């Protein structure tokens, strides 16, 4: 009887060599293996997956946090005392790290799909670990410096949840190929059952996830209210220095119907516009009064304040990467800007038939005008000649003295408390007012202004929520949003949701059935047929046939006949013949 070894046919596997070479530096065929991966390599795969999901979360956070980059840089400035765009290195490192980890993740999934043993190269292990630790340190740092910003993740889901759901559904459906290939193996283990149960739970959770979504833009288009008015927050600070006349002019040119400014009182009682506690960031006080650069801005007199330049810092630091787009004339105007007084801003708003929102910073108790700050500000409003009904005053204090002005609260209050205090207007951060709370305020005739709104997606969901006005650092961006970026009826979304679930379910069931059929077919196949059909008629360009080794041995069953294997290499196939030697 003949004992034979299967004929080995090696095809050129360029793509497999590329995958295993990049992932584990195994470029040669003899370096690869289809054995099960070791526990150590499985652990590294888990670390790689953890890094991928953490970076995915991190990248999504910074994508939606673009709305508040200005506030982030300001927070860093208040801690360090130096103004620079800290988002650039963060975005650059996040892009590089996410691209690298995603590439390795794809290679690892190809390994699993091809049945190749996972064996991450040591250089990649260092890279994955460094990326993971860097991302974790970044998350901890942001939580310390900018902890309130995590709220934007939940807010953004009001806009992105339907699309993230479709993407997640497609991904989990595609992964069913790998899960099915692992679960339908002949041997059974508790781990296989755990993988299957976990996959089913994740799939069912995704199928039912839309039941938890709150998306204002899933509504009847006939119920869409008028476009929210845009308030120029410190003017248009991305196009010109904040709280300057040129900035307020830019805001009005780009569709702002109202102007918002931060008001500080000078030591001689002149209200002027300044966001920071000091003059260091937005003026040249360090050159004109070097010994007073860290002094409170309210302890300068108006003559000293007016002598400072409030535009050079914008041209020199280019905080929003917009200076290169300015004309020579615009640069000259910006370079000659001085600190703006409250009277100048209010006169501009009155000429434009607009309104104004004043965020007043009370002077400290040791300030000479501490007791007269209210009268000084009221005098400036009267001097500007603007109607008091077009001036909104914050904070909500001294209500008995602020008569005739529109006064708004900048904290979330209950309807009962607002009625008790006689408040009819709220100015809230976008993270402090949910969709249901906004609807409740509007139903009780409470006007709501939301800030800061700088991105089209946030503007769109607030528009769908019925918010009457928003405060923005980027009126030039919101001006280009004539309609919500997406709007869909409930019936249309329900159809898409159910259809997506059904298609996904059909694909998953089909993949599991195919993998089961494929595995059962391999188990029932005759090994000798596999051996004899391993060599087919192919050209030498595609196939290299190795030398076959035939091992003959006699068995103790008393057979007297011999079997001969005749090989016809010129025809590219092998044939058995029985009997004696052929002549």
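Sequential numbering from 1, following the chain as shown.
Every residue gets a Cβ built from N, Cα and C, even glycine.
Range 162-184 is the one annotated as transmembrane segment, of 162-184, 231-253 (source: TrEMBL).
Between the stretches 492-514, 515-537, 538-560, TrEMBL puts its transmembrane segment entry on 492-514. In TrEMBL, the transmembrane segment annotation falls on 122-142 of the listed ranges 17-37, 122-142.
Three or more CB pairs closer than 8 A are found between the transmembrane segment (42-63) and the transmembrane segment (122-142), so contact between the two stretches is assigned (pairs 6 or more residues apart). Long-range neighbours of the transmembrane segment (88-110) within the same chain, counting only residues 6 or more positions beyond its ends whose Cβ lies under 8 Å from a Cβ of the stretch, are 19, 22-23, 45, 48-49, 51-52, 55-56, 58-59, 62, 116, 118, 120, 124, 127-128, 131, 134-135, 138, 178. Residues 109, 112-113, 192, 195-196, 199, 202-203, 206-207, 209-210, 213, 215, 218, 488, 493, 496-497, 500-501, 504, 507-508, 511-512, 514-516, 519 of the same chain lie 6 or more positions beyond the ends of the transmembrane segment (162-184) yet place their CB under 8 Å from a CB of it.
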